[in-house]
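Enquirer: Would you mind keeping the following structure in view while I ask a few things?
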Amino acid sequence: MKMPEALAFVSLYYKLAIFEEQAWALSMILLQPALILIDHGHFQFNCISLGLAAGAAAAVVSRHELVACVLYSLSLNHKQMSAYYAPAFFAHLLGRCIQRRSPVFGVVKLGIMVLTTFTICWWPFLSSRHSALQVLNRLAPFERGLYEDYVANFWCGTSMLIKWKQLFSVPVLARLALGATITAALPSMVQQIRAPSARGFLLAMLNSSFAFYFFSFQVHEKSVLLPLLPATLLALEEPGLLQWLVPYAVVSMLPLLRRDDLVLPYFALLALFFLLLKCPRHFEYKIAEDKLIKIFRAPILRNCSLAGAAILHLLYFYVQPPPRYSFLFEAFITSYCFAHFLVLFIYANCKQWYVPGDGQWVSSSKKIN
């Protein structure tokens, strides 16, 4: 289901790009190795919700805001993990409405569309209070703990130093997670409310999904697919971000993929991604480079990072950990990937604040469709 939405996004957002550039951008979205491994190896089908989210993003950048509300609401109702994008959609659409002569009318129209879509999706469960409560209980599985196995987020990445689960009860951890998530997502929301723009919105999707991935309660390894979507949508504009995020997102899931006997597809799809990333291209679609991009492209930085990843792979596959710390190398992998993700999160937030708004006051008679 992701292909139609990806095609729509590329044709709308990169409409000024030549065909070869659009084809490469599409390949980055559709051949993203982490999604292929999880959906077709681990059999957790995320392409539907991510496809709907990509369609909603395409509708946003083309100013079809009511359509965006419907598609995003469908994505959220298919998988609650799509809530990772909620701050970005809320802030951007609110910022657009504020720019109009009648902001309240714009907000009401969008709200009605969201409520209508949710009512249709939930209608089969509303006939019984018990059924509705069962669904709601599944949306908040607090009994499953702060995180799932070894995930490259803040709670797991710092657990070797701070024993969160031993120090705090589940209710306290839930409140800590909520506060940290809101705090981390807030800067990108403020930027989009003040100066909404298409590119800023995509960066806000990345930043808000990273905020949820880092700090929210009960995060899975596969949740890294959420920040990967906006990163691939920005492939032509942020290739440096893409070449750092995608490989380490796949590496962060290595313990999970090894348990599923997916080591061979893991290496094969990573190799395919690097071939596509480095294939000869003479693209004219360029944006002004800044110091941040040049730092990320520094060969010595990239080579040192890859060397560290290679050492971790050798340790994980060929060295027996101490019996007392049987999951030592899994913890090293997740902490190493978390450190990379944290740098990318800071980078993406800085980049978003450099993006100017692309809209001015709009007449209230302008149609929101």
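Even glycines carry a Cβ here, placed using N, Cα and C.
In case it helps, TrEMBL gives these features for our protein:
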type	residues	note
TRANSMEM	105-125	transmembrane segment
TRANSMEM	168-189	transmembrane segment
TRANSMEM	201-219	transmembrane segment
TRANSMEM	262-279	transmembrane segment
TRANSMEM	300-319	transmembrane segment
TRANSMEM	325-347	transmembrane segment
Enquirer: Examine the transmembrane segment (325-347) against the transmembrane segment (201-219) and state whether at least 3 Cβ pairs sit under 8 A, considering only residue pairs 6 or more apart.
Expert: yes
Enquirer: Which residues of the chain, 6 or more past the ends of the transmembrane segment (262-279), have a CB below 8 A from one of its CBs?
Expert: 24, 27-28, 31-33, 36-37, 41-42, 239, 242-243, 246-247, 250, 254
